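Annotated (6R)-10-formyltetrahydrofolate binding site per TrEMBL: 100, 101, 102, 154, in sequence order. Positions annotated as active site, proton donor by TrEMBL: 118, 719. Sequence annotations record features per position, and here TrEMBL assigns site 'Essential for catalytic activity' to 154. According to TrEMBL, the domain 'Carrier' annotation covers 330-407. Here TrEMBL flags 583-585, 609-612, 642-647, 662-663, 769, 816-818 as NADP(+) binding site. Annotated active site per TrEMBL: 685, in sequence order. Taken from TrEMBL, the feature active site, proton acceptor applies to 685.
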């Protein structure tokens, strides 16, 4: 029951409640809590042996309940009925939901008259089925009216009205449950308060704009196909559940439910379904049934009811019942029998519930659906069951099959229903999702906004991708918050969470060629590198953190005792909640994995903003999370701009942590937004200008090889790339000569070709910046040894470039290029401290490196370099178990390694206090079943205290004792 707050009316009135349903029950309860005396309840007779909820509640309270089948005969009030009513002495009639005709002798009898609740904004939609007609007419505003009853049909003076927005895909159920039910209860209570206070208004109801429509019945709910798609959509949603909009097709009557407008304009592939009278045949697709209006716009229907009453997903129409019957375990059979008992209680007129027993044909109503769902959820812990599931499986056998699949994590909803863009690349046919991923579903952006994602190899458009708006961020955060606070993710144990992440890693491995190909197509990554690093390390990351899920532990902390009290302090690690993750475009999948895996392992939920120019692997990843069984809302992905999506994530009050990789400038802005919004936790991996020092005593060939990798790896689009090489004077010229020779051997070409080792830059704007960067270097006096310009071919290819004679004051010596540009400076032989000073003369500190055969020099230099990572005689070697992050303006917080988990966790403290002689301490645990006790103690003193406790309780039975200090067990 809802508690609307204590209120003592100035006048406690005697009230008669006339009506029915859960709505009437709630209004009745709240009026009693307000201090009014309910002198009688008038409701409908029992149906199929079941009493209405309003009558049941009143009977429990001892309030007189009357169940008249009718109040009038031949237009005249029944005297005996009116007499029983008048004997109660009611001062006000409250009609929260009433389906009977009440005579005016009763309406006008109380001193304060009668008030009625009506679920529309009168004078619009007078009469029955008001909610249905609100939706059928496509009203943008809905609401309810409480009015003074008169002898007309919903024409009485207005007392109170409240309105709400009608959402584009609202149905009768969603509008009622979201607003009309909860706010209607509050409205009825408020109206009675106003009457009690003597301040209730009576505003004549206008006739202008008045409409009247009759009750919607099955025979009148047939779909008229000669109208626009939006009108058809409104007709279907306005008739959703009862009575159900229907048409004839394939020789039978089909009823459609769960309709949404398709605003993308993209037609998915499907099997044709001829519909007589329709503008075009329907299409049965993976997402459902696509229907067309006479304006050629589309709507999508997700559920169909066949003429025999069987409900099914519209996507399964031509497949029939595709799922084979499950063979139940003994435990599942026991659950089925318990559910059968629930059906028997709800359906008292059914002598025996069999597999073929239909819930609704046996007399169940919508209120019974709510009861069944709640009873089954109490029976099956952690079960996600919704009212919709009952409508989709109306027979007992089908319901048990659905229930068991859900309990096993195999329910049909976990199957991916996705609109793809398909492309044939090499020997693969890529299937790439292109919509936002929110709450476990791929959906269009607000306003169906899209943008083009470009193939950097040739500049062509790969596809249109949904462009997230601020409202989409709010939806995604709400879905993530719901999944964290109330969903299955927060209820499953840590080891099961790890199993899901292992399963996700396995699926990524199964799809690694497809993922690598998408990275090559969308980001210009060389396929072989994408397979090994972009995708390979992503898989390793999820496997590593999956193993950490059940190893996140708290601690017990010894503290000073204030005698005679004894105290124990415990800490535990808890997830922070919703995490926003903003990732860059250089390693689209790997950066997503680095930041997401640890968050999920810690039990958080995530909203991910991939880089706008490289969204496709993130959306493919979303598909794999569905297949892995990650619960809905845990992972949400929003392609879009940083200024909208990233900013909203930083500002959102329900986001508790932001992980960002990108420029230092943007990182500072995010940090400020996080502080001003709700003091979010933040981890930042920002810009770099990583120095690499090469001493003359190095292995020169290895230094050249690794020096090339330090700069040209991933086309230079590498956050830890060596932004400046310091080469000892005596080997400088030889080093440069070898580098230029190696550059000449590099194969520039299509990243999908297996022999290519240098592909295109990520996007055109970045290519232009690299050209400008080189022009500035030449202008300031650096020597351009090779490269420095765009490769003369289609696409965004940039020549591998080498600069020498770079002085410390030059722009290219201080600023990151983020491209395949090697910046080489000399330093004097033997001057270690001077070169260290130059290397550290930067505001960045992400990575660094040193090449030397002298171990003492290597240790000294690595100790003095101010960077989060120092490579010695190697470069670009990262591992999932090693922490990764920067110093200074390169950010803070770690990716990878177990240190990363702390960023997504909170430490909470619990202090237990026990006075001497109590059993709470030093006994660590007491566990009991029906016949025995198990005492776990840190000392024999604790054991004795525990035994004394049992003796005081006059315990008779078996006791097993474990004392950790002596490692003994006794019985």
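From the backbone N, Cα and C atoms, a Cβ is placed for every residue, glycine too.
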Point to revise | Structural state of residue 100 ((6R)-10-formyltetrahydrofolate binding site), classified by DSSP into three states | key: coil
Revision key, fill the gap. Secondary structure of the domain 'Carrier' (330-407) by DSSP, residue by residue, totals 49 helix, 2 strand, 27 coil
Review point. Taking the Cα atoms as reference points, how far is residue 102 ((6R)-10-formyltetrahydrofolate binding site) from residue 583 (NADP(+) binding site) in Å?
Key: 64
Practice item. Looking only at C-alpha atoms, tell me how far residue 769 (NADP(+) binding site) is from residue 719 (active site, proton donor), rounded to the nearest Å. Key: 16
Exercise for review: Specify the nearest of the recorded positions 100, 101, 118 to residue 818 (NADP(+) binding site), where nearness means the distance between Cα atoms.
Suggested key: 118
Practice item. Go through 154, 685, our recorded positions, and report the one whose Cβ sees the most other Cβ atoms within 10 Å. Key: 685
Check your understanding: Among the binding-site residues listed here, 583, 644, which has the most company in the form of other Cβ atoms within 10 Å of its Cβ?
Key -> 583
Study note, to complete from the structure: recorded positions near residue 685 (active site): from 100, 154, 644, 647, 719, Cα within 10 Å gives 719
Check your understanding: Quick one: Cα separation, residue 647 (NADP(+) binding site) versus residue 100 ((6R)-10-formyltetrahydrofolate binding site), in Å?
Key -> 55
Review point. How many neighbouring Cβ atoms, not counting its own, are there within 10 Å of the Cβ of residue 609 (NADP(+) binding site)?
Key: 28
Practice item. Can you see whether DSSP assigns residue 769 (NADP(+) binding site) to helix, strand or coil? Key: helix
